[in-house]
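**Q** Below are the features listed in TrEMBL for this protein:
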type     : residues : note
TRANSMEM : 20-39    : transmembrane segment
TRANSMEM : 51-71    : transmembrane segment
TRANSMEM : 91-110   : transmembrane segment
TRANSMEM : 177-196  : transmembrane segment
TRANSMEM : 202-225  : transmembrane segment
TRANSMEM : 246-271  : transmembrane segment
Amino acid sequence: LFDGIYPFYPQQRKVFVFDVSTIIVIVVFLTFTCSFLLIIPGIRGRARIYWTLRVLLSLIMGVVIVVVQFTGDWETGWVKANTSYKSFSRALVNVDIGLHVGLAGVNVTLRGNPVNQVNETIDYNEHFAWSFNADYDQSYSEGLERGLPSPILYVAEKFTTQSPCSMHRQYRISSHYASATLWVAFCTWLISNILFSMPVLVYGGYMLLVTGAFMIFSLLSFSTVKNSLMCPIQFGTTILRTGYGGSFWLMLVIGLLCFVAGITVVALHYFNLDLLKTFFDLHEDKAEEYQEMTEVYVNPHFVNKGL
């Protein structure tokens, strides 16, 4: 202790939108995309355009389903306030306080206006995890031992298991169900791609509808926390209010896109099958399969013997 106050030690920061897992997923899908672009010139005619649309659209769906598992902006909120910087001190600082909720935990951001105040660099971003293999209360206790600024500890304390707000249980359960349904959506997305590679296009369309349904279920699961009473996060006279973030709305758009694509495939199967086969480049395969022989050679000896 330094004059009865925990000293501030430099530590690694965790970015609230992108982390290492997100970057790895994006790199993997970019590798698949670049590999496909290399073979595009080998596809002849109009089928090249159809292949490009199908593959890029499918990769976008897949990468979004996986990436949002690791993002931290499903729910976000910012507030500007004059508040105390640390315990046992009357010094007030002008800061921007941000709360970013993801499926794996919360990030609390503290940024000074200006950054350098009270002989400190006020620029913090702390992550508190609540996934199955993480202990949120332990992360909060470590933050206390490191001597994190009071605004960060105040916001993080709202999500502890001992808090009377019960926000930890609400957010943790809804996030776990949302994550589970997204992994199921990823599995159905894989199955739909397998079915589209075979001459059973209508079943691929059905699986796209199932994929979109599970994506919407994940959004409904996460949004259930809005139906429960929430403890206000208040700094003086200002209240930190949160709303749905970029990952939530991106998932909604991709889910609706899956519905539109699935309905289009099913509708074309029943009303215009030729157009659907043309888009999936199946006419050439059928033509080769049923190609008629132009010349036939017959042995005269066997013809005469048969007569």
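Any Cβ shown, glycine's included, is placed from N, Cα and C.
Surface or core, plus neighbours and distances: that's what I need for these features.
**A** Here the transmembrane segment (20-39) has long-range neighbours at 55-56, 59, 62-63, 66-67, 69-71, meaning same-chain residues at least 6 beyond its ends whose C-beta is under 8 angstroms from one of its own.
Residues 17-19, 21-22, 25-26, 29, 32-33, 36, 40, 43, 102-104, 179, 182-183, 185-186, 189-190, 193, 196, 211, 215, 246-247, 250-251, 254, 257-258, 261, 279-281 of the same chain lie 6 or more positions beyond the ends of the transmembrane segment (51-71) yet place their CB under 8 Å from a CB of it.
Note on the transmembrane segment (202-225): residues 61, 65, 74-75, 103, 167, 170-171, 174-175, 177-179, 181-182, 184-185, 188-189, 191-193, 195-196, 244, 248, 251-252, 254-259, 261-266, 269 of its chain, located 6 or more positions outside it, place their CB under 8 angstroms from a CB of the stretch.
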**Q** Near the transmembrane segment (177-196), which residues from the same chain, at least 6 beyond its ends, have a CB less than 8 A from one of its CBs?
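**A** Distant Cβ neighbours of the transmembrane segment (177-196) are 54, 58, 61-62, 65-66, 68-69, 103-104, 203-205, 207-208, 210-211, 214-215, 217-219, 221-222, 280.
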